[in-house]
Amino acid sequence: MTDTVLTVEQMRATERAAMEAGVSEWELMQRAGEGAAQWIMRVAAGRPVAVLCGPGNNGGDGYVIAETLIRRGYEVQVIAPLEPRSETAQQARAHYSGAVFAATTMREPVVIDCLFGYGLTRKVEGEFAELLEQMASSHCYKVAIDVPSAVESDTGSVLGPLPDYDLTLALGAWKQAHGLMPAMAAMGERRLVPIGLDLSGARSALSRRPRLTPPAPDAHKYRRGLLAVVAGAMPGAPLLAAEAAMRAGVGYVKLLSDHDHFGAPADLVIEQGKLANTLDDERIAAVLVGPGLGRDDSARERLAQAFSCRKPGVLDADALYLLDPELLAQADPGTLCVTPHEGELQKLCEVFGIGDGSKLERARRLHDVTGMTVLAKGPDTVLASDVMTSFFPRGSSWLSVAGTGDVLAGIVASRLAVHGNPHRACEEGVWLHHEAARLASPAFTASGLAHAVKPAMAALL
Ligand SMILES: NC(=O)C1=CN([C@@H]2O[C@H](COP(=O)(O)OP(=O)(O)OC[C@H]3O[C@@H](n4cnc5c(N)ncnc54)[C@H](O)[C@@H]3O)[C@@H](O)[C@H]2O)[C@@H](O)CC1
Ligand SMILES: Nc1ncnc2c1ncn2[C@@H]1O[C@H](COP(=O)(O)OP(=O)(O)O)[C@@H](O)[C@H]1O
Ligand SMILES: [K+]
């Protein structure tokens, strides 16, 4: 799987396995460096290149890149504050036929950052930090090899100066930082350089843009899915979610609400009356509960009723504040998706006894402890389920406006009602949400976003 994401520990184990199978580290480094050089030649297009080389194997890749470019007639300068320390990097240095400078002013229009890769363990300081600062303030085209050198591979946190890169070339497999903030925002285009590692058995991946399908030839509204949106104290949020859901593939959306939704579209069915009665419909394929629900006893009662019909469901917003182990015991957690933002994730972690950790760690633990599919949203959205952990490309920052979470919940619920697969519904939901944001940008409102779900569907078909 080319989209596999590995931790540093998994990456080292995978490389060890390759070496045990007879591929030397030097061979892997040559594959990495030469593969990266192919990308660099495309973007450098003949212009002079500076390569910053660190003391480890990331620096080793840099010497291989530099030598490959020299052999193709490029003017290359290596800048290396320290001699290589690892044996394989020393081998790469010995094969490099060009000049090495300990420090110099970089004037080249293309600069390749090979100071540190996944071996970064502490803050970047001294001459390494100065080089990265120089790179950051220059107008050159900036390429990071494997990861930007000040980025911690597992967490995406930043341990030194972080230039705004144009291109980041992941070597062998993606690292978690390629899908996590703040690192992801500085990486520019991200491309993978395969080096022939066996990545089977990995449980994390960058989410691939899904291909949706039109309804089956024999489809009718119930076969396409009936989604029940459970409203509560506030009328606006569930209406917004329902409007998004209606455009995301489901055949029928019912809003179960006691409000008078005067502005509601004529094609949205609104059912009033006791929730126990309106939910008592075998044809319901999925339930969405949370947007506008409220947090009082009657809201808790509505959530319990939503669980009692034991249908696949999406829980968002207020439902995430009400959810606790006692309520969850009434549901089938394997069929549920939760879509928390940071505050809601914190609340869920408190209630389910999950300690501190990064958003990724907490999302995974929340899934492990509860069995629910967890879509932890934000500028770096991560999805944890029993299928795998998925990372997503960054969505438009115009999404940072009230109500867009309700729209996402509506889309995910719509997809869930279509096919009943929680992980797939969340993945499709994020891509549709991002695509709708792209189409509606700039400065859209949540209802503008809900309307843009229709052209987003068209883009993903
Ligand atoms: N191991 C392999 O088989 C392969 C590794 N590859 C490359 O190797 C990289 C990992 O190499 P390494 O494990 O040698 O690690 P790095 O090259 O990322 O850096 C490790 C070295 O830097 C030092 N260091 C870490 N943080 C520092 C800091 N803040 N200031 C100063 N020194 C610091 C460490 O003590 C160590 O000497 C990958 O990112 C990739 O670029 C590729 O060549 C593909 C094959
Ligand atoms: N800076 C950002 N970049 C990309 N996506 C963002 C950003 N800020 C928010 N989002 C997305 O917008 C949505 C906001 O949801 P949420 O916080 O629940 O808002 P609300 O409760 O107002 O509906 C989420 O899908 C989130 O991923
Ligand atoms: K690097």
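Note that Cβ sites are derived from N, Cα and C of the backbone, with glycine treated the same way.
Residues or ranges marked as domain 'YjeF N-terminal' in TrEMBL: 11-203.
The feature (6S)-NADPHX binding site is assigned by TrEMBL to 57-61, 117-123, ASP146, ALA237, GLY292, HIS341, ASP406. The secondary structure of ASN58 (K(+) binding site), as reduced to three states from DSSP, is helical.
The feature K(+) binding site is assigned by TrEMBL to ASN58, ASP113, SER149. When secondary structure is read from DSSP and collapsed to three states, SER149 (K(+) binding site) falls in the coil class. A sphere of 10 angstroms centred on the C-beta of SER149 (K(+) binding site) encloses 28 other C-beta atoms.
Feature annotation from TrEMBL assigns domain 'YjeF C-terminal' to 204-460.
Sequence annotations record features per position, and here TrEMBL assigns AMP binding site to LYS377, GLY378, PRO379, ASP380, THR381, GLY405. Secondary structure from DSSP puts PRO379 (AMP binding site) in coil. Around PRO379 (AMP binding site), the same-chain residues six or more apart in sequence whose CB sits under 8 Å from its CB are MET181, ALA185, ARG394, GLY395, SER397, listed in sequence order.
Maximum intra-site Cα distance, AMP binding residues LYS377, GLY378, PRO379, ASP380, THR381, GLY405: 14 Å. Reported as a whole number, the C-alpha separation between LYS377 (AMP binding site) and GLY60 ((6S)-NADPHX binding site) equals 37 Å. Same-chain residues that are not part of LYS377, GLY378, PRO379, ASP380, THR381, GLY405 yet have a Cβ within 8 Å of the Cβ center of the AMP site turn out to be HIS341, ALA376, GLY395. The shortest Cα-Cα distance from ASN57 ((6S)-NADPHX binding site) to any of the binding-site residues (ASP113, GLY378, ASP380, THR381, GLY405) is found for ASP113. Annotation: ASP113 are the binding-site residues among ASP113, ASP380, GLY405 whose CA atoms are within 10 angstroms of the CA of ASP146 ((6S)-NADPHX binding site).
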